[in-house]
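Data first, discussion second: the structure below is written as structure tokens.
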Amino acid sequence: MMICCILTLLLLGAQLALSIPNNFFYHDFRKGNGNKEIHFSGVKLHVDSAQPAVFAATGDNVTLPCRFWYEPELTSPREPRVKWSWQPAAGGHETDVLVAIGSRSRSFGEFRGRVQIRQDFQGDAALVMTNLMLNDTGRYHCEVVDGLEDKSTSVYLELRGVVFPYQHPRGHYHLSFLAAQQACEQQASTLATFSQLFQSWKEGLNWCNAGWLADGTVQYPMTRPRVPCGGDGLAPGVRNYGRRHLQLHRYDVFCFSSTLQGKVYYLQPSHTMNLTEAQQACQEDGAQVAKVGQLYAAWKLSVLDRCDAGWLADGSVRYPITRPRRNCGPSEPGVRSFGFPPPQHKHGVYCYKSGDEFM
């Protein structure tokens, strides 16, 4: 009985081997031969990106490269399914950006209306994004699906801008992770990523107080090691406290701001003003009191240099220096801070006008 069963299985296997060729079939109900059946014989799908990373600034339009091709080359054009998804720099779930088949496409969420497939040539699946936002930083995944074939590649989008430390008005180490997120948003910025902080450290950012980053870690950049900041025996670098409890632990925060869509300027008053008078002065000039992120962006990206202390929207008093000189603070460029003085104190004010208002 056992011998009969084995012989039967061997005969069945031989029949299957004779009936199934070395290639595979799949159905494409949009294009194909008369039977709506496409026959691949050793054809391989390839997907690639011309560059691993793309750099841009808020408000820019940018193209994330992705192309696909077949080997050997096909004689008739194909319309595979192209899907772009996004992994935020802060981590979390991957989010759909766009799905396209031929000329038909659909975008999702905050990307709706801001993205499209370029399609400049056969196999072009590049993603065109318009009006970049601060939170668009992250890894974008380009996936091409054609029948049983599924290939993908990734491109990292990094926004250019400036990283700055920020603390609560009551002083150092008062911010939970959620409060840190809100503090950055209130100052026209977002939580900095590690790569943004690391780049700023390479450019000279030296700050002794630990702050939250977008991934939930707490770190700080040190270019000149010293005893109160981890010890003078340690090499320069970005110190890492690791991941901390998002609700229980309290630190400062590192925020990130990108290109301004307007202009920050010092309002030259006939007399210094308290905070309420400063707010009114900016309003009368068709503007609003500048936020901390806007002042940092103007200092770093628009080379704003002013040796006059002025109110900002959060109640702090600061001034930007790109050309250090006598009586204007330390010997290196930066945004000088007087902290959060009582609102009745008298100072000038930094105002902000959006692009439309300024024109």
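Going from the start of the chain as shown, residues are counted 1 onward.
Cβ from N, Cα, C; glycine included.
Predicted automatically and left uncurated, TrEMBL annotations should be read as such.
A quick note: this is a predicted structure, and the numbers were derived from the prediction, not measured.
Database features, via TrEMBL:
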type     : residues  : note
SIGNAL   : 1-19      : signal peptide
DOMAIN   : 59-158    : domain 'Ig-like'
DOMAIN   : 162-257   : domain 'Link'
DISULFID : C208-C229 : disulfide bond
DOMAIN   : 262-353   : domain 'Link'
DISULFID : C282-C351 : disulfide bond
DISULFID : C307-C328 : disulfide bond
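The local packing around C229 (disulfide bond), expressed as other Cβ atoms within 10 Å of its Cβ over all shown chains, amounts to 17. Cα of C229 (disulfide bond) to Cα of C351 (disulfide bond): a distance of 35 Å.
Within the set of disulfide-bonded residues C208, C282, C351, the entry lying nearest in space to C307 (disulfide bond) is C351 (CA atoms).
The most crowded of the disulfide-bonded residues listed here (C208, C282, C307, C328, C351) is C351, judged by how many other CB atoms sit within 10 Å of its own CB. Here the domain 'Ig-like' (59-158) has, by DSSP, the following mix of helix, strand and coil residues: 6 helix, 53 strand, 41 coil. The separation of C208 (disulfide bond) from C351 (disulfide bond), Cα to Cα, is 29 Å. Of the recorded residues, C282 (disulfide bond) and C328 (disulfide bond) place their C-alpha atoms 24 Å from one another.
The separation of C328 (disulfide bond) from C208 (disulfide bond), Cα to Cα, is 22 Å.
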